[in-house]
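Written below as structure tokens is the structure these notes are about.
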Amino acid sequence: MPLQDFLFTSESVTEGHPDKMADQISDAVLDAVLRQDPKGRVACETLLKTGYVMIAGEITTKARIDYPKLARETVRRIGYTSGDMGFDANTCAVLVAVDQQSPDIGQGVDTGGAGDQGMMFGYACDETPELMPAPIQYAHAVTKQLAKARRAGLDFLRPDGKSQVSVEYRDGRPVRIDTVVVSTQHAESVSNKRLHEAVREQVIAKALPKRLLDRKTRILINPTGRFVIGGPMGDTGVTGRKIIVDTYGGMGRHGGGAFSGKDPSKVDRSAAYMGRYIAKNVVAAGLASRCEVQVAYAIGVAEPVSVMVDTFGTAKVPEGKIARAVREVFGLTPRAIIEGLDLLRPVYEKTAAYGHFGRTEKTFTWERTDKKDALADAAGLSKIRAVASV
């Protein structure tokens, strides 16, 4: 029996967290390549530490990329523009170690095969309007509001920050927020009282639904006391270190592959996006209230070696019918995924902070629910509804 009454916790980090800085630089490189060369192959990793950025990877493209300029522009947009913050876009060194993609990989990918082996997961549930788990969606809401408040005038806030939200479930449904943790980098000069008041009033109160907050909700702000040293000075940043933040906050499973810095021929990214697209349409169609999809690939082979659908006992029709409907409605080869979701556009830098899923921007094509009717028909749900209405 699944747990019915429990607490579930998810975390998010701001765009100024060093690992997210690395993700955004890697995806800025990918976008720069796709603008000039949609057929370019990109596997870009970034590392940041005090005073420098290192960009490394395998990139095969006709595009001409100014890597140092791109890195500095990204860091500047994030907000690190002074040595007082521990990192300065204007003075940081940028090291570049980029080679071409191995021809051994290229011979399989160029003919439409998967760029690597592996399994990828997609997940959706009906806990929020975005069909995302409540804990991760609320954690992202806090970090987004933290960045918004910083840019709106709370000049003692710095770009680095994290949130953590614990949601109480009863009978399997989210009913209240039990604990909120916010850790934000700040200027040395600000008092704890001023900081705590600002975060409570300008961040938490604006980010989270009032109906889920009560007198018993614990609010913890910078629990260690102070957070002056942050960003790459406080922690080394590396691409691909926040894969649970990027996805479902631990509520859905993860195949292990990171997203940022990878062009869509890499199924680590594109098939995970397709998994989300499928799961979201299953839930939107009313076929289930929770859905997880697993797809798996072999390198150089176009069709997935397996497709699995798990609805955790919430399906309105047999899961086998849903799985067959998925294969009927969705193209699952890398080429079909890329074409179906229009993934050769330079849209990836925006995905690299505040989650790849549960977003409302139109560029996030994998968040559409335009296949729900076709899926319901293919799974036989429309016939069941028609009979029930007679």
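Cβ coordinates come from backbone N, Cα and C, glycine included.
Just so it is clear, the model here is predicted, and its values are computed rather than measured.
Among Asp171, Asp235, only Asp235 appears in Swiss-Prot as part of the ATP site alongside His17, Asp160, Gly161, Lys162, Arg226, Phe227, Arg241, Lys242, Ala258, Lys262. Among the record's L-methionine binders, Glu58, Gln101, Asp235, Lys266, no two C-alpha atoms are more than 30 Å apart, and one pair sits at exactly that spread. Considering only the binding-site residues Asp19, Glu45, Lys266, Asp235 (ATP binding site) has Asp19 as its nearest partner by CA-CA distance. Cβ neighbours within 10 Å of Arg226 (ATP binding site), excluding its own Cβ and spanning all shown chains: 12.
Residues His17, Asp160, Gly161, Lys162, Arg226, Phe227, Asp235, Arg241, Lys242, Ala258, Lys262, recorded as contacting ATP, have a largest CA-CA distance of 36 Å.
Distances between the Cα of Gln101 (L-methionine binding site) and those of the binding-site residues His17, Asp19, Gly161 are shortest for Asp19. Mean pLDDT, taken over the region 'Flexible loop' (101-111), works out to 62 on the 0 to 100 scale.
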